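Q: Quick paste from TrEMBL:
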type	residues	note
ACT_SITE	2	active site, for GATase activity
BINDING	102	L-glutamine binding site
BINDING	304, 377, 378	ATP binding site
DOMAIN	2-216	domain 'Glutamine amidotransferase type-2'
SITE	379	site 'Important for beta-aspartyl-AMP intermediate formation'
């Protein structure tokens with residue numbers, strides 16, 4: 001795991017600027033650092049390295065190909081790089097290897113096969129930049145599922161890119177104007193979906209795609225079309241057309257066991273200490289169980305606990321760890337611990353990000369980093385195998401919507417009582433408003449977007465904003481269940497779950513890996529008929545059955561709590577003073593971003609104790625905290 005940054009174009013003291021950019025993300029790579037410059041073409045590349053494979057200097061970046069034509073900076077891991085090396089050797093296209101790093105392998109493959117064929121052949125997580133000195137072309141690419149981040153933008157005709165926004169701040173002349181439309185999206189989802197970012201002139205490269213720039217196309221800036229070398233939608237659509245068929249459930253279990261075991265085996269490759277996160281839930285327990293089945297020594301496992309029983313799963317994680325024989329470490333989190341994390345959140349995440357489980361995630365990463373350099377997670381299981389309870393709720397409401405009578409208002413009134421089960425903190429008027437948005441949405445995507453929204457009309461909270469396009473606007477030929485699980489795989493998963501983990505882990509120089517997101521596992525899941533995902537009202541049915549081969553059902557079959565915190569209570573007590581200062585109406589009006597009166601209304605509702613508005617307030621709080629932090633840093637345009 002590493003950090004990359006680059007500038008193509010004329011800026012003063014380019015290498016000094018890149019040195020400051022590199023220093024800003026030193027946490028992503030504390031073991032090594034490097035520069036490379038093409039003075040003739042005004043290009044500079046920089047890299048920081050967390051050594052995981054081939055910790056020798058042979059893995060140093062930026063790396064120049066043996067032929068001298070290409071220069072590569074890579075953030076991530078290529079799990080099948082040994083197989084790629086073998087194939088290059090068989091084809092007679094292997095160079096004289098300098099070491100055994102995956103960077104060298106990927107670079108040699110690009111020399112032999114070209115960038116698109118190499119990207120399609122690679123199994124891994126990555127964001128990269130490749131400079132072709134012969135064609136004077138710069139390629140930017142990102143992995144299929146969006147595990148690794150890549151931001152890019154322009155100042156004039158100068159292109160810049162980096163793994164994190166903070167690495168771009170030293171670049172002179174950049175317009176950091178706030179993207180109010182992105183803030184509106186943040187109010188809706190509590191994260192900012194790609195390709196949007198908090199800044200109007202910076203974008204995120206979409207997963208599964210690459211960009212190619214030459215001097216002729218640089219002036220096109222954002223009009224340059226991305227090239228999709230892999231599509232989550234295409235795989236989902238093909239999966240529906242070619243579903244897997246099994247004569248017995250055990251055959252399905254064997255197939256899932258095989259594809260997951262292959263992924264986990266590849267992701268356990270490391271030259272440094274390795275472990276896994278263990279919540280005691282289905283996904284993390286299965287990953288740890290399969291790791292332990294492939295490992296003679298006890299696997300290092302880590303979990304977080306809470307003193308509030310409603311949120312605590314530490315005892316379940318401990319029971320699973322004892323059964324599997326792992327080397328288990330746990331940490332209990334208090335409100336005081338949460339408060340210690342709050343000042344760091346704006347600089348860790350670089351843009352407003354409001355998944356409140358970011359707090360225990362940051363603490364979990366700090367705990368794991370004390371013992372290992374690499375840790376595997378169970379993320380992705382819910383999105384791929386139908387685990388979220390909201391899928392079944394959404395399907396139920398979608399079916400009801402199809403049979404609406406002519407009088408919508410009467411229907412919404414009758415149905416609002418049922419909505420209380422999945423909007424427990426909302427008032428009757430809020431449930432009615434939410435149902436109105438849901439039941440009048442045009443199509444599956446807008447319906448589901450409203451279903452998972454924290455605010456039905458977020459643009460009304462953010463002054464001078466409108467909602468920009470997102471994948472939720474895309475019409476598809478998928479059935480409703482397939483459509484909404486695809487949506488989560490291309491929005492919530494990369495832009496919430498993976499952002500949350502990557503930034504928190506990299507802040508302490510910890511590499512995280514996600515075996516469920518091997519693209520072959522994703523393809524398997526998309527071909528798996530719904531009956532293997534949801535059966536008898538239970539999500540992730542096949543994953544559960546596979547876990548039972550390793551862990552007794554009594555240890556893992558229980559209602560899902562999720563990796564969350566008692567945020568509602570904390571905002572009324574230990575975090576109240578901190579929150580009140582950020583929501584001060586005088587400050588809100590001075591900042592000019594949010595409608596201060598509407599925000600105060602939300603805050604009063606929450607403090608009354610009659611409604612839980614913590615989910616809605618957290619997005620505002622994280623945005624205000626981010627704004628204060630970077631205005632203090634002197635970032636222009638905010």
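The backbone N, Cα and C atoms fix where each Cβ goes, glycine too.
Small disclaimer: the values here were computed from a predicted structure and weren't measured.
Could you place the listed features in the three-dimensional structure?
A: A sphere of 10 angstroms centred on the C-beta of residue 2 (active site, for GATase activity) encloses 30 other C-beta atoms.
Residue 102 (L-glutamine binding site) falls within a helical segment according to DSSP. Cβ neighbours within 10 Å of residue 102 (L-glutamine binding site), excluding its own Cβ and spanning all shown chains: 25.
The Cβ of residue 378 (ATP binding site) lies under 8 Å from the Cβ of 277, 279, 281, 282, 283, 284, 285, 286, 287, 516, each of these being in the same chain and 6 or more residues away along the sequence.
Per-residue pLDDT, averaged along the domain 'Glutamine amidotransferase type-2' (2-216), amounts to 96 for this model.
Shown in sequence order, 283, 493, 497, 498, 501, 514, 516, 517 are the residues of the chain, 6+ apart in sequence, with a C-beta less than 8 angstroms from the C-beta of residue 379 (site 'Important for beta-aspartyl-AMP intermediate formation'). According to DSSP, residue 379 (site 'Important for beta-aspartyl-AMP intermediate formation') is assigned to coil rather than to any helix or strand.
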Q: Roughly how many Å lie between the Cα atoms of residue 102 (L-glutamine binding site) and residue 377 (ATP binding site), rounded to a whole value?
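A: Cα-Cα distance, residue 102 (L-glutamine binding site) to residue 377 (ATP binding site): 21 Å.
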Q: If one measures from the C-alpha of residue 304 (ATP binding site) to the C-alpha of residue 2 (active site, for GATase activity), what distance in angstrom results, rounded to a whole number?
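A: Approximately 26 Å lies between the Cα of residue 304 (ATP binding site) and that of residue 2 (active site, for GATase activity).
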Q: Within 10 angstroms of the C-beta of residue 304 (ATP binding site), what count of other C-beta atoms is obtained when all protein chains are considered?
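A: Its Cβ has 26 other Cβ atoms within 10 Å.
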Q: Please list, in sequence order, the residues in the chain of residue 377 (ATP binding site) that are at least six apart in sequence and whose C-beta is under 8 Å away from its C-beta.
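A: Counting only residues 6 or more apart in sequence, the Cβ neighbours of residue 377 (ATP binding site) under 8 Å are 276, 277, 284, 287, 501, 512, 513, 514.
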